[in-house]
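Participant: Dumping what TrEMBL says about this protein:
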type: ACT_SITE; residues: D150; note: active site, proton donor/acceptor
type: BINDING; residues: N11, E386; note: Mg(2+) binding site
type: BINDING; residues: K18, H210, L211, G212, N213, G214, D284, M285, R286, G332, V333, G334, E335, N336; note: ATP binding site
type: BINDING; residues: R93; note: substrate binding site
type: SITE; residues: H182; note: site 'Transition state stabilizer'
type: SITE; residues: R243; note: site 'Transition state stabilizer'
Amino acid sequence: MTTGTRVLVLNAGSSSVKYQLIDMLDGAKLASGLVERIGEEGGRLLHLPLTGEPRETLRRFDGHDVALEAVAEELAKDLMGLDSPELAAIGHRVVHGGLRFTRPTLVTDAVLGEIRRLIPVAPLHNPANITGIEVARRLRPDLPQVAVFDTAFHATLPEHAARYAIDRAVADEHRVRRYGFHGTSHQYVSRATARLLGRDPAELNVIVLHLGNGASASAVAGGVCVETSMGLTPLEGLVMGTRSGDADPGLVFHLHRVGGMSVDQIDDLLNRRSGLLGLCGDNDMREVVRRAQEGEEDAKLAFDSYVHRIRRYLGGYYAVLGRVDAVAFTAGVGENSAEVRAAVCANLEELGISVDPELNAVRSRDARTVSPSYSRVAVAVVPTDEELEIARQTFALVHEV
Ligand code: ADP
């Protein structure tokens with residue numbers, strides 16, 4: 001067993017790698033950074049040590065291996081290189097764990113093979129995650145590497161929530177079901193909400209609204225996820241920055257048969273040219289709010305559609321849970337936009353949900369409640385920290401074995 005107390009968290013995307021080095025004794029972030037535009041011109045590594053100036057490297061990074069080696073060099077300059085004895089493990093974010101991976105898992109050749117077999121259900125994400133793991137294993141073959149899956153927290157969805165109402169044989173053959181995403185964030189935020197309220201997570205029912213560029217809602221009953229808004233892919237559910245969220249599946253046939261669009265064009269439309277961007281030309285909520293406040297009709301429509309969809313889910317999840325103790329807002333929009341929080345919670349006093357305008361207007365990086373003290377349901381703003389959650393789960397697993 002390792003005596004190290006630090007965990008390096010890696011989040012490898014198709015052309016980027018984000019990383020954080022965390023000391024598990026106190027949760028301190030010793031260093032963080034990202035490499036962008038891997039395999040393209042204009043590559044950039046930004047390294048942010050805990051103390052000292054940020055360091056930027058502008059050059060081409062041919063592949064994830066070159067990028068990770070450069071990250072290792074930056075960490076070594078701070079005397080925290082991959083060979084340091086304090087490093088206990090590397091934790092990897094893996095987007096899709098399918099039905100097989102419902103817990104953090106120590107990476108072996110067999111595990112890597114199984115993550116590879118999930119590529120058909122996560123073609124955009126899992127290949128990059130796998131590359132990250134392979135490169136890290138090559139750099140430190142002796143170090144425990146742990147995969148933490150975005151889908152894992154949603155593995156507890158009951159079958160009637162996880163299944164689409166389609167022919168079961170077809171669904172099973174193609175592994176079609178609702179997996180859900182952002183699980184690490186929903187897990188972290190639901191627990192942090194219980195901590196904020198001084199309650200045991202096992203007795204708290206929480207609706208978590210993760211509103212970032214991608215957005216999803218989840219219903220968590222006593223620490224167990226029972227519903228979530230993303231499905232087979234991260235396209236289902238809420239209106240997002242550039243994704244449509246829920247839409248009649250029939251619109252795909254319509255756009256293909258009547259609109260003459262190919263499947264790839266429709267994929268691009270729904271994933272990259274829809275949501276706030278499609279409705280008003282901006283996908284940043286700050287711009288949408290500013291333009292709506294200036295009276296621009298399309299920005300107002302985008303804002304109202306975004307809020308309306310969240311409220312539909314909020315009401316639905318209230319019914320699923322039966323009793324709601326807290327609604328927690330998180331991620332870029334949820335943590336920062338008082339306008340969105342106020343609009344989502346407007347006129348819901350009958351459900352015990354309301355927001356105190358003064359508390360809601362406070363800007364802070366700390367978890368806090370923004371509902372009046374008499375509220376039956378606490379409305380909370382809880383900054384998410386997926387990296388810390390991945391580090392915790394990684395560290396816990398390494399100390400179990
Ligand atoms: P990602 O899904 O990429 O991790 P984040 O959780 O960082 O995204 O959220 C990014 C989004 O948060 C931005 O696109 C922007 O719309 C929104 N955002 C950030 N700051 C603010 C703010 N002050 N007010 C409103 N929205 C904000």
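Backbone N, Cα and C define each Cβ position, glycine as well.
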Participant: Just to verify a number: CA distance, N11 (Mg(2+) binding site) to K18 (ATP binding site), in angstrom, no decimals.
Facilitator: 5
Participant: Please report the Cα separation of R286 (ATP binding site) and R243 (site 'Transition state stabilizer') in Å, rounded to an integer.
Facilitator: 17
Participant: Which one of these binding-site residues has the most other Cβ atoms within 10 Å of its own Cβ: N11, N213?
Facilitator: N11
Participant: Within 10 Å of R93 (substrate binding site) (Cα-Cα), which of the recorded positions N213, R243, E386?
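Facilitator: Checking each Cα against R93 (substrate binding site), the hits are E386.
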Participant: For the recorded positions N11, D150, D284, R286, V333, which residues place their CB under 6 A from an atom of ligand 1?
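Facilitator: Passing the 6 Å Cβ check against ligand 1: D284, R286, V333.
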Participant: Which recorded positions are spatial neighbours of R243 (site 'Transition state stabilizer') here, meaning Cα within 10 Å, out of K18, H182, L211, N213, E335?
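Facilitator: Hits: N213.
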Participant: Which one of these recorded positions, D150, E335, E386, has the sparsest Cβ neighbourhood, judged by other Cβ atoms within 10 angstroms?
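Facilitator: Taking D150, E335, E386 as the recorded positions, the minimal 10 Å Cβ count falls on E335.
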Participant: Looking only at K18, R93, H182, which of these recorded positions has the biggest number of Cβ atoms within 10 Å around its Cβ?
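Facilitator: Most Cβ neighbours within 10 Å: H182.
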Participant: Find the longest CA to CA distance in the recorded ATP-binding set K18, H210, L211, G212, N213, G214, D284, M285, R286, G332, V333, G334, E335, N336; express it in Å as a whole number.
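Facilitator: Looking at K18, H210, L211, G212, N213, G214, D284, M285, R286, G332, V333, G334, E335, N336 as a set, their Cα atoms extend up to 24 Å apart.
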Participant: Tell me the Cα distance separating D284 (ATP binding site) from H182 (site 'Transition state stabilizer'), rounded to the nearest angstrom.
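Facilitator: With the alpha carbons as reference points, the distance is 19 Å.
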Participant: Around R286 (ATP binding site), how many other CB atoms lie within 10 A of its CB?
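Facilitator: A 10 Å sphere around the Cβ of R286 (ATP binding site) contains 13 other Cβ atoms.
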